[in-house]
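A.B. asks: This is the structure I want to talk about, given as structure tokens.
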Amino acid sequence: MAYNLLKGKKGIIFGALDEKSIAWKVAKIAKEEGAEFVLTNAPLAMRMGEINKLAEECNAEVIPADATSVEDLENLFTKAQEVLGGKIDFVLHSIGMSPNIRKGKSYGDLNYDWFLKTLDVSALSFHKVMQVAEKQDAINDWGSIVALSYIAAQRVFPDYTDMSQAKAVLESIARNYGYRYGKAKNVRVNTISQSPTKTTAGTGVGGFDVFYDYADKMSPLGNASAEDCANYCITLFSDLTRMVTMQNLMHDGGFSSMGISEDIINMIQPK
Ligand SMILES: NC(=O)c1ccc[n+]([C@@H]2O[C@H](COP(=O)([O-])OP(=O)(O)OC[C@H]3O[C@@H](n4cnc5c(N)ncnc54)[C@H](O)[C@@H]3O)[C@@H](O)[C@H]2O)c1
């Protein structure tokens, strides 16, 4: 059911790779809620993914941008404002990638060039997006910017390796830029800390199936799906959450407040 929550709003959605992507679901629901937006992804991902199918379904233009390239981001924000005919109201940063995870490196054997790449793609890109937007004065007053995070920013999940640091930096950037953008333009900046989700980025993490099941059994509501996450993103883009900023918002079915659950106890010590 649609509520017209984003009627008249213009957005930029980063990170829709295929139908499983969280950003894909956000785009579909944003469309239903009345938003107009452009879709963007790294040029390479565009060739691998199915973003043009989504663009057709949402009647949206695709503007390629490597989120680590300031030049690409400048072009993106300029073109997006031309295409949409005005300033931007919401931005979704749904980007994550670690070469160390891709290559199966353990935490004690990280390649540091790749570590820097992880930080650049998964965290600094968020700062770059906002710095470019601010310099172009591309965001409307009371705009909303959201990035997606994971609880490994605060707790240890061994196979998440250098992405844990990237998420900690991402969340810190949200707080610090949130202060700056809030003072300047009443723009709010938040991260959503999402349950494990079966997407390309998610399932690329070693042992994903185990920690997906573990989180599901720990959380009283079970894991939050990509659709649930997309719905939450939409509320943060809407005018109903105008005073929420500089937060890392747990969207995890209750996982982050749990110590142990009966389901886990029964697994370890069956009656
Ligand atoms: N899947 C999970 O379990 C989970 C849990 C919590 C948070 N997240 C976060 O959600 C976000 C979206 O991931 P997803 O699960 O939908 O997976 P996904 O693989 O569908 O999306 C990741 C996206 O990042 C894009 N990307 C990578 N490098 C880029 C670059 N240089 N420039 C621009 N885009 C680039 C990819 O092309 C892809 O579209 C990520 O930040 C991820 O860390 C995922």
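Each residue, glycine too, has its Cβ placed from N, Cα and C.
Not my notes, these are from TrEMBL:
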{"type": "ACT_SITE", "residues": "Tyr150", "note": "active site, proton acceptor"}
{"type": "ACT_SITE", "residues": "Tyr160", "note": "active site, proton acceptor"}
{"type": "BINDING", "residues": "Gly15, Ser21, Ile22, Ile95, Lys167", "note": "NAD(+) binding site"}
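For each feature listed, report its degree of burial, its nearest neighbours and the pertinent distances within the displayed model.
C.D. replies: With a cut-off of 8 Å between CB atoms and residues at least 6 apart in sequence, the same chain places Tyr160, Met163, Lys167, Ser193, Gln194, Pro196 near Tyr150 (active site, proton acceptor), listed in sequence order.
Secondary structure at Tyr160 (active site, proton acceptor), taken from DSSP and collapsed to helix, strand or coil, is helix. Cβ contacts within 10 Å of Tyr160 (active site, proton acceptor), excluding its own Cβ and spanning all protein chains shown: 24.
With a cut-off of 8 Å between CB atoms and residues at least 6 apart in sequence, the same chain places Phe14, Gly15, Ala67, Val121, Ser122, Ser125, Phe126, Ala147 near Ile95 (NAD(+) binding site), listed in sequence order.
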A.B. asks: Filtering Ile95, Tyr160, Lys167 (recorded positions) by proximity to ligand 1: which pass a Cβ cutoff of under 6 Å to any of its atoms?
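C.D. replies: Ile95, in sequence order.
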A.B. asks: For Ser21 (NAD(+) binding site), which residues in the same chain are close in space, meaning a Cβ under 8 Å from its Cβ, but six or more apart along the sequence?
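C.D. replies: Those within reach of Ser21 (NAD(+) binding site), by Cβ under 8 Å and sequence separation of 6 or more, are Gly15, Ser94, Thr199, Thr200, Ala226.
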A.B. asks: Between any two of Gly15, Ser21, Ile22, Ile95, Lys167, the residues recorded as binding NAD(+), what is the biggest Cα to Cα distance in Å?
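C.D. replies: Taking every pair among Gly15, Ser21, Ile22, Ile95, Lys167, the longest Cα gap is 18 Å.
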